[in-house]
Amino acid sequence: MALVGVDFQAPLRTVCRVQFGILGPEEIKRMSVAHVEFPEVYENGKPKMGGLMDPRQGVIDRRGRCMTCAGNLTDCPGHFGHLELAKPVFHIGFLTKSLKILRCVCFYCGRLLIDKTNPRVMDILKKTSGNPKKRLALIYDLCKSKSVCEGAAEKEDGLPDDMDDPMNEGKKVPAGCGRYQPSYRRVGIDINAEWKKNVNEDTQERKIMLTAERVLEVFKQITDEDILVIGMDPQFARPEWMICTVLPVPPLAVRPAVVTFGSAKNQDDLTHKLSDIIKTNQQLQRNEANGAAAHVLTDDVRLLQYHVATLVDNCIPGLPTATQKGGRPLKSIKQRLKGKEGRIRGNLMGKRVDFSARTVITADPNLPIDTVGVPRTIAQNLTFPEIVTPFNVDKLQELVNRGDTQYPGAKYIIRENGARVDLRYHPRAADLHLQPGYRVERHMKDGDIIVFNRQPTLHKMSMMGHRVKILPWSTFRMNLSVTSPYNADFDGDEMNLHLPQSLETRAEIEEIAMVPRQLITPQANKPVMGIVQDTLCAVRMMTKRDIFIDWPFMMDLLMYLPTWDGKVPQPAILKPKPLWTGKQVFSLIIPGNVNVLRTHSTHPDSEDSGPYKWISPGDTKVLIEHGELLSGIVCSKTVGKSAGNLLHVVALELGHEIAANFYSHIQTVINAWLLREGHTIGIGDTIADQSTYLDIQNTIRKAKQDVVDVIEKAHNDDLEPTPGNTLRQTFENKVNQILNDARDRTGSSAQKSLSEFNNFKSMVVSGSKGSKINISQVIACVGQQNVEGKRIPFGFRHRTLPHFIKDDYGPESKGFVENSYLAGLTPSEFFFHAMGGREGLIDTAVKTAETGYIQRRLIKAMESVMVNYDGTVRNSLAQMVQLRYGEDGLDGMWVENQNMPTMKPNNAVFERDFRMDLTDNKFLRKNYSEDVVREIQEAQDGISLVESEWSQLEEDRRLLRKIFPRGDAKIVLPCNLQRLIWNAQKIFKVDLRKPVNLSPLHVINGVRELSKKLIIVSGNDEISKQAQYNATLLMNILLRSTLCTKKMCTSAKLNTEAFDWLLGEIETRFQQAIAQPGEMVGALAAQSLGEPATQMTLNTFHYAGVSAKNVTLGVPRLKEIINVSKQLKTPSLTVFLTGAAAKDPEKAKDVLCKLEHTTLKKVTCNTAIYYDPDPKNTVIAEDEEWVSIFYEMPDHDLTRTSPWLLRIELDRKRMVDKKLTMEMIADRIHGGFGQDVHTIYTDDNAEKLVFRLRIAGEDKGAEGQEEQVDKMEDDVFLRCIEANMLSDLTLQGIPAISKVYMNQPNTDDKKRIIITPEGGFKAVADWILETDGTALLRVLSERQIDPVRTTSNDICEIFEVLGIEAVRKSIEKEMDNVISFDGSYVNYRHLALLCDVMTAKGHLMAITRHGINRQEVGALMRCSFEETVDILMEASVHAEVDPVKGVSENIMLGQLARCGTGCFDLVLDVEKCKHGMEIPQNVVMGAGIYGGGFAGSPSREFSPAHSPWNSGVTPNYSGPWSPTGGMSPSAGFSPAGNLDGGASPFNEGGWSPASPGDPLGALSPRTPAYGGMSPGVYSPASPGFSMTSPHYSPTSPSYSPTSPAHHGQSPVSPSYSPTSPSYSPTSPSYSPTSPSYSPTSPSYSPTSPSYSPTSPSYSPTSPSYSPTSPSYSPSSPRYSPTSPTYSPTSPTYSPTSPTYSPTSPTYSPTSPSYEGYSPSSPKYSPSSPTYSPTSPSYSPTSPQYSPTSPQYSPSSPTYTPSSPTYNPTSPRAFSSPQYSPTSPTYSPTSPSYTPSSPQYSPTSPTYTPSPADQPGTSNQYSPSSPTYSPSSPTYSPASPSYSPSSPTYDPQN
């Protein structure tokens, strides 16, 4: 009997490591089933033995069977064959490795070329013990230089190079053969060997082509020891196996033939290839046998080599691709594996799945947010396997009867033996009788849990759990709010739905992935969903000031509010008629005690300060106190997706379920209001008034005129270029500015003209659709169209379109659209507009692919990073990435933005607000009540405590300002203290005007105690203490400053009670916010970074400002950072200055000049070469004067200079700009050319700055002829010098820095923040230099540069200059810049995790294949990313082992990955199991089929030996739930109970738990310690275990499933498995924690035949009991299980037996002979007289029977108020462990106990039994039965021990 829940398959073991290796020829033969030797496939229409479709290799067609394993098409996995190659060939995948190994070993003797005892080799072996790949690389580096086999040491003829090698000294023994080694080269798929010239080999050619055969011989000689040294493995991967001698032929299942109708079979590509190989192989064998010429054989071998190579890889560079006849390239094995569609990524990492549906989505605002409307057709098609149990058998039977055609029905029944019954084709489904243990695949029904998903799945909120609601028609319906996390809209989007197939999965989705649980995203700690669309628009309209609702409409709205408590609020206006405001309606929707302060979107900032800041004239301050909307218009700022808004607060304060309902209620109520109120939009809304249009036209006319002026200026050269820009750029920037200004101005005037009631405006203001710019484009003017960030470029000759004149730079021709959408665009405007739009589309398409790849890489790099149980963040190799997640160990979901009250204020304010002065009596009396003042004055340590608090606060402030030197950090911490204080004030009704009774000493001690409880890192060693201090530092600072004594008594005014509540609340919230172990934070971080990247715009924006510097931003920059690219697009330094240079622009300019690279070219005006033979009398007129002066005192020999002259004229303006002098330049020239060039130059103040250079020639004494030649060369030479000087002569600066811009920042982020003497923050605008190009090291060494703040944006450079920690911070800063540039925000912990992953190893790991795949993770993970086949080949060569720890590996192997709920094991406490309670597994119909299948075979279980009624029963064992062992309703149960009858506590053997055949024995609580029902064995005073003892009552407050007394049905016990189909969490009738109720117990199930409350005398195990036998009496002597007439299959024992029907009349509830089979105990049936509340021995008021008493020890043993005959030693007087208040018959939630049930009318005198499983039709319990009547004297609600409010019996539970 297999486990229920597993179709009958072989049990699977988990793979815990994967060993890679190469298949050796022997192994291939051993695993082969067929020797393939013929290329043919069929012979005479039959598959040919030994052919390529050998029937031993697998099944060929659907009807066939496999000859090896006799399986059919679905069962047979296929079997390998083999084919032997005539000659060995290279394996193309191992060719480069073979080459490397050849170079490491001797070509003749196969020894290693270096000595293993060499210290360097030893060192390598030691270093690379776990890394064979690295070992080969290092050994190869040592070997490749060797040209002789080692050990030629003692040859006489002084051999080259290695004699003097220190490694050879003192070595005498010859290790190798001493022969020369060839050098090897790979050509295509051949290897060539070549020897050096001096080789004295026996007349051998110097160059040969190495055959695979020869290489094989070399490899075979390598010893095992050497194999290990070269990083291979003698067992799994020997070098000789890298050469193919035997090829495995893949099974048929891998290469199925494609059968096309009507034509022949098309064979698979692999089959084609194999047939080529076989043909070539046969030809080679034939030729070899016939003794063909050598070159013929060589050609054959090469052909064979080619075919074998292209079988593996068909994309080898330098080889023709193998093709089919049609010319299509064949798909080789390598192509099958690699890429997105390949085996690994396409079939192992991601698969197509069953039980999924896909259709279009539509909106339905009336559904709750976690519900999805599913079309009936889909619901009828998707099924859920439900296990039949006695509780749901009738319900499922009903579904089975309906079959597959009607909804709701069922599709299949799966019997216990795994047989499937398809109800679609079953002739009479109604005849199929279900038995417990069967599985019914029923249709999806309302309330099922599903997973809903929309691609692209960018973050975890793209797959969420929903509940099903079956609706008509064919689309998925979903709530509008849920569209935003899915990023869905209803313009035709499709979504996928997956129906989980096990209860475990359902439980997991329900507890982790449901929509309400994902309301807040950890990405940015804010809600992911808000109110959208019409509801948002309406909520703003409804909460405006003048919205009134009359009585009927109010009633109508209240009807839409499910949480309405029945009280109509007081109307705001009473006369003339009652009217409610919209705000009041909104207040009704707000749940609970919520306090929020927000602003409306139109809130003017000026209102926040000033005398009237409490009054909001425009009603723009949204104030919600205690769940009442007091003021303000609600818009998207309050109910949108922003952090800290109403939805966020509700979710944090009141939990996810209430928040989810809040979303739904807002929508239902407000849509109902909108439906009546209406909202529309039409052309009327787009029309402004006449004056506005005039205004707009004037603005545009003026703008055009301005542009014309600028063009004029540019033409006349009056336009000054801005620094760093050319004239043209400056002009364009100016024009752009004018035109954008014009658009904005027209837009704002258009908006001003719109009235408050304009519908466009109402949508924009509420935030539901559109923005200001949309309005202005519709009404005023569309504005400038841009392409690539510039105006429309000239496309025709010097113009944009043919209708414009050439060189028209005016607004119209360059794409300014002056019309509005309303007015309509002219054709040329339309064309330009289309150009702009097209660019956007292209951009989006390109961006999607880019960011998709970035996201994939991020995920792959971080997929296995998770929080461990020790709180650290580690990857799959257990390498630490972070000590605590996010450095504070908190989950991103529970933190909020908070501000530090002590950071900003200056010293005076700080002291005023935070310093408590206990000596100031006036202050104390004003703020504290008398007794507190007295306490303060009496306390000895009061003053010192308060003083220590103040010094702590000062220290905190100092630290804060050190941590956040800018004073503006966005601090995210859990527990929003301001709001908690506000809540406390509301809950405890704090009066802010009264003095408080909260002692400051109590505050200080309370806060200190609390901060000790906030533990992130536990442990007492120094490191743990330091880590704990670091992790909680900010939280503690916040706590101490917010909850300081001064604040508490002045602003918060909490009383002692409220303060204590506050501390408790903070502690709870903090604990809740700690990150959960198992949380996959890596994937989360990758998604949180990838998702905003997708929203980023791709192209780089050039923002024109003061600094005209271009900065790469957006996706390209993100790529640069995570690729760690060496070549940045725009490398740049930001140089901060110190001292005078920072303040004084002139000094700053000095530094700039020092940095900026200046060549001669930059300062040169023009150059010329003259022939000027006489130096003194120059031919250049303007130079004459100064040259003659210069030569009056010649400083060098004029005779030797060349007649050719290079004259350079410099630009004075630039010289001054660069702070250069002529002297400096002359020095540079002299430095560069020395004595070869004569230079004379003008003075710095001369009119023109001129340099004259001549080449210093030889003496003039040479002949004229030669001179002429020289002269010719001179001028050419001069030309070269000129070119060289202009470009290469560095005058000053750093060559890498091409340009430096100088600017003074106007925003705070670049300013220097200083702390003033008063203690406030002040931003100082220093001069900043920004450079193009970087040279950080050089710049840092310059003077007047602030070395601390100067940074580079090139992370590689920072790494080289400043090291790994600096680069970590730098990456974080750069990433943050990229993300925050377009206003996104990502929580710090995600960025930090990425930075840590990139730098954890001490070097920069790029997020590319070069970084990710160079980690030491398993080969399977690496191959799932990129370079699939190469990695697998490498792994097999080095015989790597994959430990299968990561996520990818487990997914490939189909195992549960060690992450999330899979990252821990559950351990069974065997000791506890001894106290378990056994459920008889074998009472019904044939073994414990519902016991989760733990019972053995039916026959064994039913054998009489296992059910001893009276046979040899020891007193210690009492039958599981039944007072008599079996279910015998023996007379012994009559209240007069004879002690030796069947009910005697001493012989209740039942299925004794120790019975060897009973697998559940181990769990049985009835071991001797807890045995029997007799007082001797189980005395009421036993402290241990009774079902109603508080330890064991699930509803009892002290009951916890982990309680030591309880291990019965805890989730760890095998009999209780959430996946057991009978255990349905939604089952109303049972409490899963009730140990006495095991859902899987057969004996206890209302629908189980053995336990039918309506058949008193029916015991399924009684052989003599045939339901139709009239003479059968429960006390019949023939009732013995050993009776031969009893057989479970006997016809009389049939569940369908006519009289065994739940309505069987033979059952009378008061039958004394019937021991009611109450679900948790046959012994307890409320309607059975044996247990009658009025029975003296069982009286609830008896002190001994107290459901809450831990021991049943009566306080006075003989006293029982209503039981005169009560005797504490009576075996009856124990509270039966079988009776549990949570048992279904006795549980208000049980179907058989429903107050609304017709039978349960307290006045119902009669009691009609009716089918057991319909809720509310209990057969056991009639409230009016005298034995159990609330009016019965012994059961009085006032009875202390048994009152309905007693914790164990709670009607609400």
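Including glycine, each Cβ sits where the backbone N, Cα and C put it.
The feature Zn(2+) 2 binding site is assigned by Swiss-Prot to Cys106, Cys109, Cys149, Cys177, with similarity to another entry given as support. Annotation comment: Swiss-Prot describes 256-268 as region 'Lid loop', evidence class similarity to another entry. Under the heading Mg(2+) 2 binding site, Swiss-Prot lists Asp489, Asp491, citing similarity to another entry as support. Residues or ranges marked as Mg(2+) 1 binding site in Swiss-Prot (evidence: similarity to another entry): Asp489, Asp491, Asp493. Sequence annotations record features per position, and here Swiss-Prot assigns region 'Bridging helix' to 827-839. What Swiss-Prot lists as region 'Disordered' is 1520-1568, 1589-1853. The feature compositional bias 'Low complexity' is assigned by Swiss-Prot to 1589-1811, 1821-1853. Under the heading repeat '1', Swiss-Prot lists 1592-1598. Under the heading region 'C-terminal domain (CTD)', Swiss-Prot lists 1592-1848. Residues or ranges marked as repeat '4' in Swiss-Prot: 1623-1629. The repeat '5' annotation in Swiss-Prot covers 1630-1636. Taken from Swiss-Prot, the feature repeat '6' covers 1637-1643. The repeat '8' annotation in Swiss-Prot covers 1651-1657. Taken from Swiss-Prot, the feature repeat '10' covers 1665-1671. The repeat '11' annotation in Swiss-Prot covers 1679-1685. Swiss-Prot lists 1707-1713 with the feature repeat '15'. Feature annotation from Swiss-Prot assigns repeat '17' to 1724-1730. Sequence annotations record features per position, and here Swiss-Prot assigns repeat '22' to 1786-1792. Taken from Swiss-Prot, the feature repeat '25' covers 1828-1834. What Swiss-Prot lists as repeat '26' is 1842-1848.
The structure, with features from Swiss-Prot marked on it.
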| residue | record | DSSP (3 states) |
| --- | --- | --- |
| Cys106 | Zn(2+) 2 binding site | coil |
| Cys149 | Zn(2+) 2 binding site | coil |
| Cys177 | Zn(2+) 2 binding site | coil |
| Asp489 | Mg(2+) 2 binding site | coil |
Listed binding-site residues (Cys106, Cys109, Cys149, Cys177), ranked by Cβ neighbours within 10 Å, top entry: Cys106
Nearest of the binding-site residues (Asp489, Asp491, Asp493) to Cys149 (Zn(2+) 2 binding site), judged by Cα-Cα distance: Asp493
Residue among binding-site residues Cys106, Cys109, Cys177 with Cα closest to the Cα of Asp493 (Mg(2+) 1 binding site): Cys106
Among Asp489, Asp491, Asp493, the most crowded of the binding-site residues [Cβ within 10 Å]: Asp493
PLDDT averaged over every residue in the repeat '6' (1637-1643): 39
Residue counts (helix, strand, coil, in that order) that DSSP gives for the region 'Lid loop' (256-268): 0 helix, 4 strand, 9 coil
Composition by DSSP (helix, strand, coil) of residues within the region 'Bridging helix' (827-839): 13 helix, 0 strand, 0 coil
Top Cα neighbour of Asp489 (Mg(2+) 2 binding site) in the set of binding-site residues Cys106, Cys109, Cys177: Cys106
Asp489, Asp491, Asp493 excluded, remaining Cβ within 8 Å of their centroid (Mg(2+) 1): Ile361, Ala488, Phe490, Gly492
Residue pair Cys109 (Zn(2+) 2 binding site), Asp491 (Mg(2+) 2 binding site) - Cα distance, angstrom, rounded: 74
Residue pair Cys177 (Zn(2+) 2 binding site), Asp491 (Mg(2+) 2 binding site) - Cα distance, angstrom, rounded: 79
C-alpha spacing of Asp491 (Mg(2+) 2 binding site) relative to Cys106 (Zn(2+) 2 binding site), in angstrom: 71
